[in-house]
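Written out below as structure tokens is the structure these notes cover.
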Amino acid sequence: MKITLSAIKADVGAIAGHNAPSIALVEAIANHVKNNAARLLIDYRISTTGDDTAMLMTHTHGVNSPDIHRLAFDALMKGTEVAKDQGLYGAGQDLLKTSFSGNVKGMGPGSCEMEFEERESEPFVFFACDKTDPGAFNYPLFRSFADPFHNAGLLLAPHMGKGFEFTVMDVNYTKGDRVIKLNTPENIYDLAVLLRDQERYVVESISSRSTGEITAVVSTSRLHNISGKYSGKDDPVCLVRTQKDFPATGEVVSPYATAHYVLGGCRGSHILALMPVKQGETISFFDGPAIVTGAGYSMRGGKFTEPVDLFAQPFWDTVRTKAAQKSLAMREQGFFGAAMAPMMELEYTGVVDRIKELDKHFKIREK
Ligand code: F6R
Ligand code: MG
Ligand code: MG
């Protein structure tokens with residue numbers, strides 16, 4: 001049976017700044033999805049990560065279905081109404097455009113979707129980040145799907161040995177989708193030089209080279225490309241089908257133990273360590289730290305089991321402590337050097353006007 005798995009999310013307002021949506025806001029989104037589920041969906045789950053609310057849905061309408069995207073968009077509009085009523089901060093902030101035109105892409109909400117022939121057992125993980133951008137997934141996806149030192153499964157499992165096809169998007173290009181396809185293992189260095197630049201080149205999807213089956217998708221929208229100014233972080237989502245011909249769930253979650261540095265935190269302009277947290281976790285330190293949740297599911301006929309909260313397990317307590325220590329170490333040097341975003345990212349902030357003004361006062365000293 002061909003199933004489409006869609007994740008659509010947005011921040012449409014939060015309590016106390018950018019910390020968490022209210023219960024009423026999430027209920028408004030959930031109620032709208034519930035009221036339309038019988039018409040359009042096989043199953044759905046609503047979850048939150050920091051100030052973002054995500055709708056995870058199964059259906060048979062394929063990717064980029066206007067009906068599914070409208071359902072999600074209207075649900076976010078309902079959430080926005082509640083956010084306004086309650087005086088939540090940033091009400092409707094991710095709905096950069098409000099008249100729906102067939103797809104949430106380019107309107108503000110993040111989305112990632114894949115259509116596939118459901119396996120007898122269909123394990124997958126739904127990752128959601130807050131206070132960072134889609135490049136946050138470059139490191140863990142590279143390590144799970146391309147790095148045998150991290151994932152010896154690439155050497156041990158016969159079907160994975162043929163490698164994977166990565167589709168990478170240049171997210172700075174705004175006139176359309178500028179993408180490149182690279183095969184591992186032979187193009188691994190080419191892939192590495194792109195993925196190291198995680199603000200510009202972002203993994204969009206990954207497919208198995210032995211079966212052609214899709215295994216991973218990431219939401220790639222950059223809000224500043226839509227609005228032309230800093231409009232909050234993109235707070236990406238990612239779906240990964242696991243096991244058998246794909247990396248094991250454990251091989252997909254283990255790279256998060258690095259607590260790798262990502263761009264995010266206050267004003268989306270600082271480098272902090274990505275902290276793996278439990279579902280529904282909120283935001284605190286320095287409008288952060290950047291967080292990631294991981295919900296593991298199985299499904300049959302598009303019907304979900306309850307989620308396993310993968311980062312709630314005690315192992316991750318140690319990683320959380322490490323992530324906090326790494327973030328504190330970076331914060332000690334304030335705005336200097338590596339602690340702040342690269343200039344290209346700051347171009348969407350007030351820094352650029354100040355530098356422009358100062359530029360007029362620079363003088364070339366006579367010898
Ligand atoms: C939210 C974010 C926050 C805000 C900060 C200032 O995604 O990045 O750190 O940038 O709280 O927000 P304003 O300018 O709305 O007061
Ligand atoms: Mg926000
Ligand atoms: Mg957010």
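Each residue, glycine too, has its Cβ placed from N, Cα and C.
What TrEMBL says about this protein:
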type	residues	note
ACT_SITE	Asp11	active site, proton acceptor
BINDING	Asp11, His18, Asp51, Gln93	Mg(2+) 1 binding site
BINDING	His18, Tyr89, Gly102, Asn103, Lys131, Gln243, Lys244, Arg267, Asp287, Tyr348	beta-D-fructose 1,6-bisphosphate binding site
BINDING	His18, Lys131, Arg267, Asp287	dihydroxyacetone phosphate binding site
ACT_SITE	Tyr230	active site, proton donor/acceptor
ACT_SITE	Lys233	active site, schiff-base intermediate with DHAP
BINDING	Asp234	Mg(2+) 4 binding site
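The shortest Cα-Cα distance from Asp11 (active site, proton acceptor) to any of the binding-site residues (His18, Gly102, Lys244) is found for His18. For Gln93 (Mg(2+) 1 binding site), the same-chain residues that are 6 or more apart in sequence and have a Cβ closer than 8 Å to its Cβ are Asp11, Val12, Gly13, Ser231, Gly232. Considering only the recorded positions Asp11, Asp51, Asp234, Asp287, the Cβ with the fewest other Cβ atoms within 10 Å is that of Asp287. In sequence order, His224, Arg267, Gly268, Tyr348, Thr349 make up the list of same-chain residues 6 or more apart from Tyr230 (active site, proton donor/acceptor) whose Cβ falls under 8 Å from its Cβ. There are 13 other CB atoms within 10 A of the CB of Gly102 (beta-D-fructose 1,6-bisphosphate binding site), with all protein chains counted. Put simply, of the binding-site residues Asp51, Gly102, Lys131, Lys244, Asp287, the one whose Cα is nearest the Cα of the residue listed as 'Mg(2+) 4 binding site' is Lys131. Among the recorded positions listed (Asp11, His18, Asp51, Lys131, Lys233, Asp234), Asp11, His18, Asp51 have a CB atom closer than 6 Å to some atom of ligand 2, in sequence order. Long-range Cβ contacts of the residue listed as 'active site, schiff-base intermediate with DHAP' within its own chain (separation 6+, distance under 8 Å): Asp130, Lys131, Thr132, Asp133, Leu223, Gly264, Gly268.
The highest number of surrounding Cβ atoms within 10 Å, among the binding-site residues His18, Arg267, is found at His18.
All protein chains included, Lys131 (beta-D-fructose 1,6-bisphosphate binding site) registers 31 other Cβ atoms within 10 Å of its own Cβ. Distance from the CA of Asp287 (beta-D-fructose 1,6-bisphosphate binding site) to the CA of Asp51 (Mg(2+) 1 binding site) is 10 Å. The record gives His18, Lys131, Arg267, Asp287 for dihydroxyacetone phosphate. Within 8 Å of the mean position of their Cβ atoms, the other Cβ atoms in that chain belong to Gly17, Gly232, Lys233, Gly264, Gly265, Cys266, Gly268, Ile283, Phe286, Gly288.
Among the binding-site residues Gly102, Lys244, Asp287, the residue whose Cα lies closest in space to that of His18 (Mg(2+) 1 binding site) is Asp287.
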